Amino acid sequence: MNADAKTEIKGRERYKAGVLKYAQMGYWNGDYEPKDTDLIALFRITPQDGVDPIEAAAAVAGESSTATWTVVWTDRLTACDQYRAKAYRVDPVPGTPGQYFCYVAYDLILFEEGSIANLTASIIGNVFSFKPLKAARLEDMRLPVAYVKTFKGPPTGIVVERERLDKFGKPLLGATTKPKLGLSGKNYGRVVYEGLKGGLDFMKDDENINSQPFMHWRDRYLYCMEAVNHASAVTGEVKGHYLNVTAGTMEEMYRRAEFAKELGSVIVMVDLIIGWTAIQSMSEWCRQNDMILHMHRAGHGTYTRQKNHGISFRVIAKWLRLAGVDHLHAGTAVGKLEGDPLTVQGYYNVCREMKNAVDLPRGLFFEQDWADLKKVLPVASGGIHAGQMHQLLDLFGDDVVLQFGGGTIGHPMGIQAGATANRVALEAMVLARNEGRDIAHEGPEILRAAAKWCKPLEAALDTWGNISFNYTPTDTSDFVPSVTAA
């Protein structure tokens, strides 16, 4: 692109031409210095052959703010210079020819307060199907404090949840009921009881268990809460079960949540696929009713997994913290689901830190101040077992829920034994860590020593000790070493 093609055309000349390049319409400004109140989006773009990357970046800025395909005279009726998003930086993606990181700044006035639906309608509403781009991915986003303060965030938060459960200094343990579909209400409740009695803190509905012919939702809630109450009485610990209230309408979701509350549940669950407005609505209900809100990220892989097109999960995690969830499935790194260890740690940092620093290896391109918004408790779930306890504790620390579904329900000695194996493995590993031992390297030895006194743990290690899912992650962090928010 020549210099003239990058220079904004102003005044009457602007409105004589029917079609101008986006850079000429003012959507590119290489000298722009983002304001503290600007929202900044980092896109990975793959322009079509022959499309200049600066023009492609300007097109992204234009189509995600005020532009259309031609000049419109009604621009003159607005403060268009303020309302236009501004692409201000383009960097080649290291080691990936034809792809570029482009930085786009948006004035805060473009967005409705406290609405993820409005934010996403602008940022991702149109540009991802734009013909001049082969592909586009939203890699990261800096949310200005003034905008963050318009959201209420998680209804409970990590600190209050731990106080309610009276459990501190170690990860929480959970399991997803298996098989996820097909059990009767009574058998489902028995699985819940066995897991909780064996030592777990939580049991969980899976993403697609709602109200099917084989088990009506009311039956499941009744049997599950009977199991929770019985296990709590037997163990003397506060227990819970994530009751999935996901349904076809908000009215039905509220109906189910109210019934869960009447039964004494401390937590309800929704799936990501219900949409942003529904998520924020359920978060507000939980805030008003002192309930913990668990978020299952069902469906996220359809747009987060591929590196060249879609949305990074770190951005989804940021939006969900704003929207207000207390728990969020954020990957395991060592389990069966996609996840590079450093990238997954970046997701956890988004959930748990009060201020994120720039951390390029973990995919965090911007500083992010969360303005006292409560923390989200990440959940590690999917293909993990007791033999990986040292890796999980070393990677993620204490503030995490470790959920062993198959690693509990599939134990050769039964469900309760599976839960006990996980509890003993965790307690042994936390004790070793607190004594100053190097659990990352001594973990297998520590587990085997504990297994001498715990037959369920011994059986778990014999069954799964060598099981791992060693695949090359598709989503790893690419970065330019000099990248900063400016």
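Using N, Cα and C of the backbone, Cβ positions are placed for all residues, glycine too.
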Return the residue out of Arg89, Arg297, Arg305, Arg352 that Swiss-Prot annotates for the same substrate site as Asn126, Thr176, Lys180, His329, Ser381.
Arg297
Validating a neighbour-count step here. Other CB atoms within 10 A of the CB of His296 (active site, proton acceptor): how many?
26
Can you count the other CB atoms that lie within 10 A of the CB of Glu207 (Mg(2+) binding site)?
20
Excluding Lys204, Asp206, Glu207, which residues of the same chain place their Cβ within 8 Å of the centroid of the Cβ atoms of the recorded Mg(2+) site?
Thr176, Thr177, Lys180, Asp205, Asn208, Ile209, Tyr242, Asn244, Met269, His296
At the level of the C-alpha atoms, what whole-angstrom distance separates Asn126 (substrate binding site) and Lys178 (active site, proton acceptor)?
40
Return the residues near Lys178 (active site, proton acceptor), defined as same-chain residues 6+ apart in sequence whose C-beta is under 8 angstroms from its C-beta, sorted by sequence, else 'none'.
Val191, Asp206, Gly405, Gly406, Ile409, Gly410
By Cα-Cα distance, the member of recorded positions Lys204, Glu207, His296 nearest His329 (substrate binding site):
His296
Once the DSSP letters are reduced so that anything not helix or strand counts as coil, what is Lys180 (substrate binding site)?
coil
What count of other C-beta atoms do you get within 10 angstroms of the C-beta of His329 (substrate binding site), across all chains shown?
23
